[in-house]
Amino acid sequence: MTESDMSEQLRGDVDHPESGIDVVLVTGLSGAGRGTAAKVLEDLGWYVADNLPPELIARMVELGLAAGSRITQLAVVMDVRSRGFTGDLDWVRRDLATRNITPRVLFLEASDDILVRRYEQNRRSHPLQGDQTLAEGIARERALLAPVRASADLVIDTSKLSVHALRESVERAFGGEVVAETSATVESFGYKYGLPMDADIVMDVRFLPNPHWVDALRPHTGQHPDVRDYVLGQPGAEEFLDTYHRLLNVVIDGYRREGKRYMTVAIGCTGGKHRSVAIAEALAGRLQGGDELTVRVLHRDLGRE
């Protein structure tokens, strides 16, 4: 058995249910990566509910089965902090079975020494630690969840997995044929209003002549054809767009390898009305043709002047 086989133990082939909604119960040891797994499922298009009371899970499924519902994939994160956790999980499975739904159970675990290290790094106490030591809290939880682990459909040991490797494992198990898309926001802004707080990359286009000083263009924005043609017709504008587009493609590929699915590219000029708007629109148009990439344009400061 390879290391990959040891870290991912898939008990039998579990097909998607014919009921119209796919349900995954995400559970496992505290600190083993439940939150990361849930985030990956969310990025794959699953509707994720964290610590939903057991009696509400069936209600959520009913909503998913209702005509016109957009919920076709539901992931529920459950942890040991719920009273009667093991019994709750069994009850949920039986209840869903009466609706012809067989939920899959994803169980995350890690070795004791890795869990101890993670808790010490984050300076957090274990939910079952109480007055005991951290190691005793982990041992108590491991014993409590042993029956759940034994009946899980997929067990992933995250002891030797990076966050990115865990993401890949969950994507392989639950992504089907769907490839998670990267979402890019191209945001124009004005420097006089400050930098965008959510920007991953910032580019200054104040090297281009400012249409503000052209009387006929001043009242219009970078979305107006005359302003757009003026900005893009300046020496170096098209060369800049071509070069920056190639650079961003390299960055996007790197983000994908690192598991980053969202990015914001900010384009700035003085007031966020002319140059940055025209360049942002043109750049977004070039990015639109990228594989597995969704692009939206945001003009933060348009209309503020």
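Each Cβ is built from the backbone N, Cα and C atoms, and glycine gets one as well.
Residues annotated as ATP binding site in Swiss-Prot: Gly28, Leu29, Ser30, Gly31, Ala32, Gly33, Arg34, Gly35. Annotated GTP binding site per Swiss-Prot: Asp79, Val80, Arg81, Ser82, in sequence order, evidence recorded as sequence analysis.
Structural mapping of features recorded in Swiss-Prot.
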residue: Gly28; record: ATP binding site; DSSP class: strand
residue: Gly33; record: ATP binding site; DSSP class: coil
residue: Asp79; record: GTP binding site; DSSP class: coil
Spatial neighbours, same chain, of Gly35 (ATP binding site) - Cβ under 8 Å, 6+ residues apart: Val77
Cβ contacts of Leu29 (ATP binding site) (under 8 Å, same chain, 6 or more positions away): Leu108, Glu109, Ala110, Leu115, Ile138, Glu141, Arg142, Leu145
Sparsest Cβ surroundings (other CB atoms within 10 Å) among the binding-site residues Ala32, Val80: Val80
Nearest-integer angstrom distance between the alpha carbons (Cα) of Ala32 (ATP binding site) and Asp79 (GTP binding site): 11
Cβ packing number for Asp79 (GTP binding site), 10 Å threshold: 17
Residue among the binding-site residues Gly28, Gly33 whose Cβ has the most other Cβ atoms within 10 Å: Gly28
Rounded Cα separation (Å) that holds between Ser30 (ATP binding site) and Asp79 (GTP binding site): 8
